[in-house]
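Encoded as structure tokens, the structure appears first; notes follow it.
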């Protein structure tokens, strides 16, 4: 090869290598620009929000490092867009209930600073469940705990902790309240907090940590609400509130709330005669509530709420095995779906049930006369057949020798269905246990399961003789 040919060959090879390097640099540049401007896909439309990181809100806080030759590129991961919950999935098919959580608050109070509470409940945001209760403004081992049997004082506040975390001194006080309800619409928490004088109380509506709206007493007789979770569908939250006699005719209204603002109020309609302390659950496209008739019936009222047109209907659970306390024994109790049964209707206790096709799952105290023991079961035809009494899948949650109290429902959305869970309030102290001067509670929580399960009893478990007086 002569010198000229060598020069041409070397030049050709050099040009080829230079071309390849140039193309590689272009590819790297294009990749860099593409990944850099990919972040603009993260921009949210006006009606979207960025999922907050807890406890400090940091958006786009995850960085993935990608190495290309000697170039380092930072690729931002888009934050998850948050939308309103619609609860459109079907209800989970269950065989019964399995243990989920127990906070042991009273036992822990024997040696620690734990709040005095009552009226607990559970509610979940899309990622986590929380327990709520109405605190008495004092811990148990504190002289202020004397005489905390009273329901309504200006010191009571709504407490909120992760489920399973007892209400210790670091617990957040969400609002001032002696009656409350809370729910998460998919974007933020709504808290309904009632406080004030019996004859002129105020309900405050707190959304995303801000006071947005309020309403005053409309019947001047202890404005009160659910003492369990409200329900939000597509941004509209519903809460049942009652003002009026606890043992006679009262004025019940259903409030529709959007981001903390009252947008509509519907009066109770249908055949229910008295409605208090409703336990509500999403039944897409509406909301269904099982409540307490404190006047005429030991069968539980049903309130059906249409979220789209604000219409309301009401009736009673058809099951002849009724859910309130006090009640007749199962042989003589009755319910015919439309009206109160007029069987030991005066007084009562907050409770729950939910429909399962034509059947009904329900919980109640084991005692017919007192808040002792707790059981769950399914009544075949209990949702559709008047006075149905065929009971299956009975479980004991708290044995009959131990105290129970209020109970309520909450719903948890899974990947393919919506599960129903419930909590039981385990009351201790006055009036029954007169060695001490306080009244407080712990809770136990169960959730629906499609699996098998065993037996047991999950009472509060504190030895009253070891407790502060």
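Indices start at 1 and increase along the chain as displayed.
For all residues, glycine too, the Cβ spot is worked out from N, Cα and C.
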Co-listed Ca(2+)-binding residue [Swiss-Prot; alongside 293, 297] among 304, 309, 313, 324: 324
Protein Cβ atoms within 10 Å of residue 232 (disulfide bond), excluding its own: 27
Residue 278 (disulfide bond) as reference: those recorded positions from 124, 129, 183, 232, 234, 417 with C-alpha within 10 Å of it: none
Mean of pLDDT values spanning the region 'Hypervariable stalk region' (36-88): 53
Listed disulfide-bonded residues (124, 129, 230, 291, 417), ranked by Cβ neighbours within 10 Å, top entry: 291
Euclidean distance between Cα atoms of residue 297 (Ca(2+) binding site) and residue 291 (disulfide bond), Å: 11
